[in-house]
Amino acid sequence: MKTRNSGRWISDSLKNSPLRTNSLIITLFGEAIAPHGSDVWLGSLIDLASSLGVNDRAVRTSVFRLTQEAWLQATPIGRRSAYELTCAGLRRINHAYRRIYDTPHADWNGEWQIVIIPEGALAANDREALRSDLLWSGYGTIAPGVFAHPFGDTDLVRDALRQTAGGEKLVLLKANTLDGATTAPLRSMVHQCWRLDRLAMDYQRFIEHFQPALKCLTLVETDDPEQCFVLRTLLIHEFRRVQLRDPQLPDSLLDNDWLGHAARELCRKIYRKTLLPAEEHLMTTLKTPSGSLPEADASLYRRFGGLAENNGPL
């Protein structure tokens, strides 16, 4: 890697877009640590975060908060503690990161999953909590109290309804586009309901920000483990922020030049180029109560449709 160019890009990125430590710790556990299936010493997590300009105190504070919020759990061993994701935290991470790493649906059979909240069925706070869950899962509001998605996660919705007081009063159904219906009205609806223009602007900013990073990686062979780790982390941290706002609609409902496709391909290229050196940095920096960090499982190398190309043993 061309240290001068990549180092300047990383420095400018950290300076211009300061990281929120809580969110960064979630990225580190979900993106980097989870595939290794181990808890890690807090001290080595602090060492890892220092590469991203985050100090000891900020990491300790964030880890404490995330433990209180049931994202992380601690295992005290003597005077030290090791941390890992809770079962609930891992479930949330797996759901979120499937949307990041898995290839979006291209084909669509015209079927919609619809959730209807009848007027007065829920208390105001329960209604708002369920609304937030549905929007986070990619559903769009097509009318007051009516949410829809072409690829709805039925299990996720049913789980949300079970956890909602009065959820048994809600209506969950499927609907199909009628034969002969044109896509123009549907495209107009999804642009409005999912605010795709705003999302496209977010993707454009992502592309403009990370295109120079890919150029740095392309000019000279990647060989700096720490810089590759930082770049990979910043890449996924930012892509996650945009991707989790993307409802992942079928191609037939999107513009032909939808920027989400270009952003995903850019992310895949950078990720593939930085993966192995970044893993080297993780393996040398993170320590566990059992010693060294275990090797990552196969799920790491299935990300973005598979990362084997030109990556040797991958």
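Every residue gets a Cβ built from N, Cα and C, even glycine.
Annotated in TrEMBL:
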type   : residues : note
DOMAIN : 20-86    : domain 'Transcriptional repressor PaaX-like N-terminal'
DOMAIN : 106-183  : domain 'Transcriptional repressor PaaX-like central Cas2-like'
DOMAIN : 194-283  : domain 'Transcriptional repressor PaaX-like C-terminal'
**Prompt:** Along the domain 'Transcriptional repressor PaaX-like N-terminal' (20-86), what average pLDDT does this model show?
**Reply:** 96
**Fill in**
Counted with DSSP (H/G/I as helix, E/B as strand, rest coil), the domain 'Transcriptional repressor PaaX-like N-terminal' (20-86) has 38 helix, 14 strand, 15 coil
**Item:** For the domain 'Transcriptional repressor PaaX-like central Cas2-like' (106-183), the number of residues DSSP places in helix, strand and coil
**Value:** 26 helix, 20 strand, 32 coil
**Asked** With DSSP, how much of the domain 'Transcriptional repressor PaaX-like C-terminal' (194-283) is helix, how much strand and how much coil, in residues?
**Response** 71 helix, 0 strand, 19 coil
